[in-house]
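Asks: Attaching a single structure in structure tokens format; questions to follow.
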Amino acid sequence: MCGLSGTFSTGGTPDRSIVSAMHNALLHRGPDETYSFSTPQISIKLARLAMNGLTDGWQPAEDRSGRYVALTNGEIYNAADLWDQALTAQQDHNRVDVAVIPELFAQYGPLGFERIDGQFATVIFDRVTGTLHLARDRFGICPLHYVLNGGHLHFCSELRPLVKHAPNSRRVDLTAVDQYLSLGNIVAPRTIVEGVCAVPPGCVVTATHSGSRTTRYWRYGDFRQEGRPLGGVREAVQAAVDSRLNAEVEIGAYLSGGLDSTILAAEAARLIDRPLQTFSVAFGEDQLLNEQRYQREVQAALGTEHHEVQCTPTDIAQQFEDMVRHCCYPQRETYNVASRMLSEMTNRHRVKGVISGEGADELFFGYDSYVFDGVLGTTPEDSRNEKAWGRADFAWEANWEVREKLLQTCLVPDAMESLRGREFHCDRLIPFSDHELTSLTRLQMRSICDVYIQLCGHLLGDHGDSMLMSSSVEGRYPFLANAVVEYALRTPDTAKVSDFEGKQCLRTAYRSLIPQAVLNRPKQGFTAYSFDDLDPGTTQRWRALVADCGLFNSDVFDALLASTNPKWDVTVSLTSISMLIDELGLT
């Protein structure tokens, strides 16, 4: 993957110094080469992390007519098929896979992106109309942020350089804070900064002299209950792994010791003619956190070349703040420090990409909450549920009583007053109408919400892209391949959840391939040491930062300790938000 930055003007000259400043802050994303494109209307830079076309591929890419010019961060795994669909031969002189994007756009417009099996954030400039298009892949694996300021649109792969160098409000988005304290995530297009947006997954943002509009070309959640043979899922996953191993550089695998990463490592080990390099994190002697037993059993069974990094409470204390200030996304746990250490180790072993298991739990109903939903039935009806989720009897993770108490405990009175009428539930958070949602089961509703609220923003964002690319490592996600997603959408709920256990179709398909201890182990989420495990001096300093940030009540830590908290340690969230306010100079 790479780092994009640029400025587009509809009635003036773009400030190229802004682009240069943002680009210089993105060199960790693309240390190999720098590409540029400039006209009197636009200036774009791309920091390249080269994975394919190392000697015979470059950007920007153009369509045959020269009308559309594109710079792209990402990978197109079905590029050869797309050249055929675009009714033209691949440009022999440019072997980079993303070169197909402008031709695809010329042939099909925004709907052409639906044909892509891959991960991308792309910027396409129309030389004829002077129009700019910003687009992201189906699940938002590759990030892209933008801000409109007067007649200028500034965009960047990462939030921090955009806010620091491009004109913007420098105000905290209180609705985003409400989203995070209520749901544990911020949902695109919102970010922590008011007026600074994330291009939503599966969408194209088009900017012209008259403003901007957002067009959705794909959405997750159009379930079609047409059961398929269990063998089909393995074929789809194997093909997805194969395509994501395709690179001119070394691709390894993250190995947690859970079902999903083990499936991918097993498929990868069978597909390559050398030992697969695998990477995992361990937590000393802590039996609650450690998954070493399972990681080592998988390593032994597959014969991988395994690498392990140890994460300690001291690592959390020393690196948590720097991690937060880098990714510019609130946190509810400390495990991103461990994720960052993992990517640093991967880079040290000269592995530029890894396959990882994100998406399996959301697509194949792997979380415990799917079992609970199937047993417990409906939620008491509430009009706020209907606004946020489209159904009054479905609340995802929102507990309205806990939320109200939490906000009153945390936010200063002025912030509470400013939030009225802008609460997170005033906006629909998933791309479905009320009518469309009536035919969905509760498990399907949960899957849609898990994807758009948790997977797209957090697991693929600050946990995935930010931590990986801080060390110039690209994440690749076979479970999010088009064919695997299509299989999941066509598989009945009962094939995913049965006998009080999720991901049953995956377990059945891989029963003979992976160790039984991994196959039968209960779901264990990735977590790390809590604030309680850190030295008192560090946590006391962070408490002072929260008290001084101006958004939260000065006694909020003590008040939270005396009350019933929601599902995570809110002090971690308040601390990280306070760090972001300080880092970005927000009010």
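Positions of Cβ are set from backbone N, Cα and C atoms, glycine also.
So TrEMBL lists these for the protein:
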- CYS2: active site, for GATase activity (ACT_SITE)
- ASP97: L-glutamine binding site (BINDING)
- 2-210: domain 'Glutamine amidotransferase type-2' (DOMAIN)
- GLU358: site 'Important for beta-aspartyl-AMP intermediate formation' (SITE)
Asks: So what pLDDT does the domain 'Glutamine amidotransferase type-2' (2-210) average out to?
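Replies: Result for the domain 'Glutamine amidotransferase type-2' (2-210): average pLDDT 93.
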Asks: Between the Cα atoms of ASP97 (L-glutamine binding site) and the residue listed as 'active site, for GATase activity', find the distance and write it as a whole number of Å.
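Replies: So the Cα of the residue listed as 'active site, for GATase activity' lies 13 Å away from that of ASP97 (L-glutamine binding site).
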Asks: Can you check which residues sit near the residue listed as 'active site, for GATase activity', meaning Cβ under 8 Å from its Cβ, same chain, 6 or more apart in sequence, and list them in order?
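Replies: Set apart from the residue listed as 'active site, for GATase activity' by at least 6 residues yet with Cβ under 8 Å, we have ARG29, GLY30, LEU46, ALA47, ARG48, LEU49, THR72, ASN73, GLY74, SER157.
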Asks: Sorted by position, what residues of the same chain at least six away from GLU358 (site 'Important for beta-aspartyl-AMP intermediate formation') have a C-beta under 8 A from it?
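Replies: Those within reach of GLU358 (site 'Important for beta-aspartyl-AMP intermediate formation'), by Cβ under 8 Å and sequence separation of 6 or more, are ASP260, LEU455, LEU459, LEU460, GLY464, GLY475, TYR477, PHE479, LEU480.
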Asks: Among all the protein chains here, how many other CB atoms are within 10 A of the CB of ASP97 (L-glutamine binding site)?
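Replies: 26, counting other Cβ atoms within 10 Å of ASP97 (L-glutamine binding site).
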